[in-house]
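Peer 1: According to TrEMBL, the chlorophyll b binding site annotation covers Leu64. The chlorophyll a binding site feature in TrEMBL is assigned to Lys90, Glu91, Asn94, Arg96, Gln108. Look at TrEMBL and you will find 21-39 tagged as transmembrane segment.
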Amino acid sequence: VLTSFGILNVPKWYDAGKVEYFASSSTLFVIEFILFHYVELRRWQDIKYPGSVNQDPIFKSYSLPPNDVGYPGGIFNPLNFSPSLEAKEKELANGRLAMLAFLGFVVQHNVTG
């Protein structure tokens, strides 16, 4: 919305891949792959062995109760936005709806151009 008024000068979302970044796209892909691999590996360990990674590796004061799965909405909640299980489920549903909405954007762009 701010781009259409001329306040921000950012490209359209479908032109984001054309922009030159500080590194090549293959380098950025490898960095992203390594970072996501770390996160998903920790998530898999927590699912496989509940409570095994319930303490934050950097901020040791953040930890979950024993045998509590820490993903999603686990340790990182500094502003206490999800104090209850119901709020966490609503946030997950909201994220899933946002992913479907983006899929609609992609389909519309591919159909209409």
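Glycine too: its Cβ is placed from the backbone N, Cα and C atoms.
Heads up, TrEMBL stuff is auto-annotated, nobody curated it.
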Peer 1: With every protein chain in view, what's the tally of Cβ atoms within 10 Å of the Cβ of Gln108 (chlorophyll a binding site), excluding that atom itself?
Peer 2: 10
Peer 1: How long is the line from the C-alpha of Gln108 (chlorophyll a binding site) to the C-alpha of the residue listed as 'chlorophyll b binding site', rounded to the nearest angstrom?
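Peer 2: If we compare the Cα positions of Gln108 (chlorophyll a binding site) and the residue listed as 'chlorophyll b binding site', the gap is 42 Å.
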Peer 1: Roughly how many Å lie between the Cα atoms of Glu91 (chlorophyll a binding site) and the residue listed as 'chlorophyll b binding site', rounded to a whole value?
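Peer 2: Counting only the Cα atoms, the answer is 19 Å.
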Peer 1: Taking 10 A as the limit, how many CB atoms besides its own sit near the CB of Arg96 (chlorophyll a binding site)?
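Peer 2: Its Cβ has 10 other Cβ atoms within 10 Å.
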Peer 1: Can you give me the Cα-Cα distance between Lys90 (chlorophyll a binding site) and the residue listed as 'chlorophyll b binding site' in Å, rounded to a whole number?
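Peer 2: Distance between the two Cα atoms comes out at 20 Å.
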Peer 1: Looking at chlorophyll a and its recorded binding residues Lys90, Glu91, Asn94, Arg96, Gln108, figure out the farthest C-alpha pair and report it in angstrom, whole number.
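Peer 2: Pairwise Cα check on Lys90, Glu91, Asn94, Arg96, Gln108 gives a maximum of 27 Å.
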Peer 1: Using DSSP reduced to three states, classify Arg96 (chlorophyll a binding site) as helix, strand or coil.
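Peer 2: SS state of Arg96 (chlorophyll a binding site) = helix.
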Peer 1: Please report the Cα separation of Arg96 (chlorophyll a binding site) and Leu64 (chlorophyll b binding site) in Å, rounded to an integer.
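Peer 2: Cα-Cα, rounded: 25 Å.
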Peer 1: Rounded to the nearest angstrom, how far is the Cα of Asn94 (chlorophyll a binding site) from the Cα of Leu64 (chlorophyll b binding site)?
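Peer 2: With distance taken Cα to Cα, Asn94 (chlorophyll a binding site) is 24 Å from Leu64 (chlorophyll b binding site).
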Peer 1: Can you give me the same-chain residues 6 or more apart in sequence from Asn94 (chlorophyll a binding site) with a CB-CB distance under 8 Å?
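Peer 2: In sequence order, no residue meets the Cβ cut-off.
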Peer 1: Pick out which of the binding-site residues Leu64, Lys90, Glu91 has the most other Cβ atoms within 10 Å of its own Cβ.
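Peer 2: The largest 10 Å Cβ neighbour count belongs to Leu64.
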Peer 1: State the three-class DSSP label for Lys90 (chlorophyll a binding site), counting H, G and I as helix, E and B as strand, and everything else as coil.
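Peer 2: Note: Lys90 (chlorophyll a binding site) is helical by DSSP.
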